[in-house]
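The next block holds one structure in the form of structure tokens; read it before the comments.
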Amino acid sequence: MTFRNCVAVDLGASSGRVMLARYERECRSLTLREIHRFNNGLHSQNGYVTWDVDSLESAIRLGLNKVCEEGIRIDSIGIDTWGVDFVLLDQQGQRVGLPVAYRDSRTNGLMAQAQQQLGKRDIYQRSGIQFLPFNTLYQLRALTEQQPELIPHIAHALLMPDYFSYRLTGKMNWEYTNATTTQLVNINSDDWDESLLAWSGANKAWFGRPTHPGNVIGHWICPQGNEIPVVAVASHDTASAVIASPLNGSRAAYLSSGTWSLMGFESQTPFTNDTALAANITNEGGAEGRYRVLKNIMGLWLLQRVLQEQQINDLPALISATQALPACRFIINPNDDRFINPETMCSEIQAACRETAQPIPESDAELARCIFDSLALLYADVLHELAQLRGEDFSQLYIVGGGCQNTLLNQLCADACGIRVIAGPVEASTLGNIGIQLMTLDELNNVDDFRQVVSTTANLTTFTPNPDSEIAHYVARIHSTRQTKELCA
């Protein structure tokens, strides 16, 4: 038997993990084992919301060392993280300033300023990326306006996964899928857009040309002295998750469900027309030249904050209590900027309901019900937008990532969208990370080949839409009201 041992470092906004994958060539089987899991979260430092990158690096090294201590020969390592955030380095490779997190308020007002000065359509035609107030484009503008004293010291700007790869290898890389999340990459050239960079205040010399997934960045020398290749995987965690989504046919959509929910479909060409701009659709880079045509949805961040504020440790019990409540009594827009990082999420949700003359969710279960119903309804709206954009309805939706374990939300999604939902795999980002490593090692041919492996090894659960559910009736009433308004307009 021929085995490959690949390590995936998968960092999310709330947790990180070092996972060992064992691939058996002859039977094309893939197994995952968790080596080390650790917390991640926001910190307050010198008036900024930041990431503790030193702690994350220590956790990564601890996980890698654990694998080596077991005497396992590692064939390759790959790192994926969330998008848009970056670390600044000087000429000696030392950090400049703080690793500020995207939920910091320093970018307030800058997106509107960019649209006014550069033109919303021009920015979109150049980048193909949706407008989010924390995109790297606006973060860099905030940095250069608010901390000009740092600029003379900056030699390099590395996005998060590239920074951690650099810390392991001493080699710098700017991986393409994550680079596209910055809103600074030109969608036609796949290189940094000089006009957008100029507006941001950043120097183009801070960046190298983006590289596509599948190249070896450098090598990590393990404690035993072996040189282990560090591969540039699809380093945006959503890009990795999409690679591991067992999409079947052209009418399949995906939903990567975690702190963020990212709903979309794969395409060989981007969508940058006026319809896409009006819907704020993004065209992020994927593996093999594919585009991830999708929309960001605030996701389970709202629930994570409620769990933290209310000190709730038993999520299954909360979901059970939530399931017993009637649907659609409290509806909010999860994508409202007010929910990006409020002082207290519970109060913000209650205020949003109060301002729209709805009942106020008071109990933990009512707050969770509000979040789940609101997310499912937003999923339905976004899926409809995506279908209109491409001119064809979807026949099935694949939900991947940690959020796919929430069976209540999966069923609500199926009912609200009126579509069959297939949930799994849970560790999609990790698997997609491993998939690119196996392709780089010449064990697999391409993404479609890898998806066949995922389909046969992952635990997948199907949720059939129930047209008689409360949320399905609610959606039907909304559609009827919309059609009446359109006819009367």
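Placement of Cβ uses the backbone N, Cα and C atoms for every residue, glycine included.
Straight from Swiss-Prot, the features:
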BINDING   Ala13, Ser14, Ser15, Gly16, Arg17, Thr259, Gln304, Gly402  ATP binding site
DISULFID  Cys68-Cys222  disulfide bond
BINDING   Gly83, His236, Asp237, Thr238, Asn296  substrate binding site
ACT_SITE  Asp237  active site, proton acceptor
DISULFID  Cys353-Cys370  disulfide bond
DISULFID  Cys413-Cys417  disulfide bond
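Ranked by CA distance from Cys370 (disulfide bond), the binding-site residues Ser15, Arg17, His236, Thr238, Gly402 have Gly402 at the top as the closest.
Here the candidates are the recorded positions Gly83, Thr238, Cys353. The one whose C-alpha lies nearest to that of Gly402 (ATP binding site) is Thr238. Those residues of the chain, other than Gly83, His236, Asp237, Thr238, Asn296, with a C-beta within 8 angstroms of the mean position of the substrate site C-beta atoms are Trp82, Asn178, Thr181, Ala239, Ser256, Trp260, Leu262, Glu284. Thr238 (substrate binding site) falls within a helix when secondary structure is assigned with DSSP. Cβ-based neighbour count (10 Å, all protein chains) for Ser14 (ATP binding site) stands at 17. Rounded to a whole number, the distance between the Cα atoms of Asn296 (substrate binding site) and Cys413 (disulfide bond) is 16 Å. Neighbour density for Cys68 (disulfide bond): within 10 A of its CB lie 16 other CB atoms from the protein chains shown. Gly83 (substrate binding site) has a Cβ environment of 28 other Cβ atoms inside 10 Å.
Here the binding-site residues are Arg17, His236, and the one whose Cβ sees the fewest other Cβ atoms within 10 Å is Arg17.
Cβ neighbour count within 10 Å across all protein chains ranks Ala13 highest among the recorded positions Ala13, Cys222.
DSSP classifies Cys353 (disulfide bond) as helix under the three-state reduction. Counting only same-chain residues six or more apart in sequence, the Cβ atoms lying under 8 angstroms from the Cβ of Asp237 (substrate binding site) belong to Asp10, Leu11, Gly12, Asp80, Thr81, Trp82, Gly83, Ser256, Ser429. Taking only the Cα positions, the spacing between Thr238 (substrate binding site) and Ser15 (ATP binding site) is 15 angstrom.
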